[in-house]
Amino acid sequence: MAKPTFKANPIQVQVPATSANLGPGFDSFGLAFGMYDRYVAQILDEGGLDIDVTGEGADEVPRTDKNLLVKAMYKGFDFLGGKPKGVAVRALNVIPHGRGLGSSASAIIGGLVLARSLVLTGTDKMSDEALLNLANEMEGHPDNVAAALYGGATVAWQDVVKGKAVAHAVHLPVDPRIKVMAFIPSTPLATKKARTMLPETIPFADALRNSSNAALLTQALTIRPDLLFTATEDFLHQSYRQEAMPASFALMTKLRAAGIAAFISGAGPTVLALHTEGDEESIQLSRAGGAKFEGKSLEIASRGATLL
Ligand code: HSE
């Protein structure tokens, strides 16, 4: 492929926080929220990487080409024919890190969208499906990245074509009555660690209940919120990860015992509850986590990554 022509103007993008799994939809369901990390990048005439990060995780993330946003941007440039000599990047992070709210997916999608937008005819050369696949290669599962790219609720899946995983996703319009309450703890949990806790096999009866609930979840999210409680019950992963997040598991169990559609957000440790209650009940619900959790009401974002 010919070396790309780069645009001179700065490009700015916002990418939403996301939740994955939503109970039984392990590595498949995603949901985007109105909480955004914002990224800006501009091509430099001189060589090198000029990077600045502020906000959530600013003290921890590298200011080198090991930075996830930069890695994704470089991967995008490589896909489009080659990197520029130099680039300046700014990240304003709002999504908390390591809480199961998709901060990595936001950085990955952000970097790829920046690369695509900084290259003349980048959008012709990299379709959304191609971008999703580059993101999936980096993240290892397509659930968060699909929701971060497309917004709303998404169902993502992977085929294997000639020995290579190919990711796809569909967008589901979320019933406007559905509201989200997040219970965010102050301590993180690494997804990598949570993935090592999963079993090799599960009982057939669990697989059966999980697959019916995951199928039901598409109806519950789009037109039948009254089914959310049943549809968010998981049999695949949450119980196996309990030891890594006992307080989150206890809160989820308490909320479900009260009939609330609660589940672990992604690999945790945030707990999410989907509900259709009014403002007063919402405020009450936000207190259910006590001192260990910040109860935060989140909007569902109908759009994913958006150029500003
Ligand atoms: N589906 C992934 C997991 C989501 O649960 O491991 C990680 O955010």
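Cβ from N, Cα, C; glycine included.
TrEMBL annotations: computationally assigned, not manually curated.
What you are looking at is a predicted structure, and each value in this text was computed from that prediction instead of being measured.
Positions annotated as domain 'GHMP kinase N-terminal' by TrEMBL: 68-152. The ATP binding site annotation in TrEMBL covers PRO96, HIS97, GLY98, ARG99, GLY100, LEU101, GLY102, SER103, SER104, ALA105, SER106. Positions annotated as domain 'GHMP kinase C-terminal' by TrEMBL: 233-284.
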For the binding-site residues listed here (GLY98, GLY100), tell me which residue's CB has the most neighbouring CB atoms inside 10 Å. GLY100
Smallest number of other CB atoms within 10 Å: among the binding-site residues PRO96, GLY102, that is PRO96
Pull the DSSP breakdown for the domain 'GHMP kinase N-terminal' (68-152) and write it out as helix, strand, coil residue counts. 52 helix, 9 strand, 24 coil
List every residue in the same chain as SER104 (ATP binding site), at least 6 positions away in sequence, whose Cβ is under 8 Å from its Cβ. LEU68, GLU139, ASN144, THR191
Within 8 Å of the Cβ centroid of PRO96, HIS97, GLY98, ARG99, GLY100, LEU101, GLY102, SER103, SER104, ALA105, SER106, the other same-chain residues by Cβ around the recorded ATP site are ALA17, ILE95, GLY266
If you count Cβ atoms within 10 Å of the Cβ of SER106 (ATP binding site), leaving out that atom itself, what do you get? 33
Where does the mean pLDDT land for the domain 'GHMP kinase N-terminal' (68-152)? 97
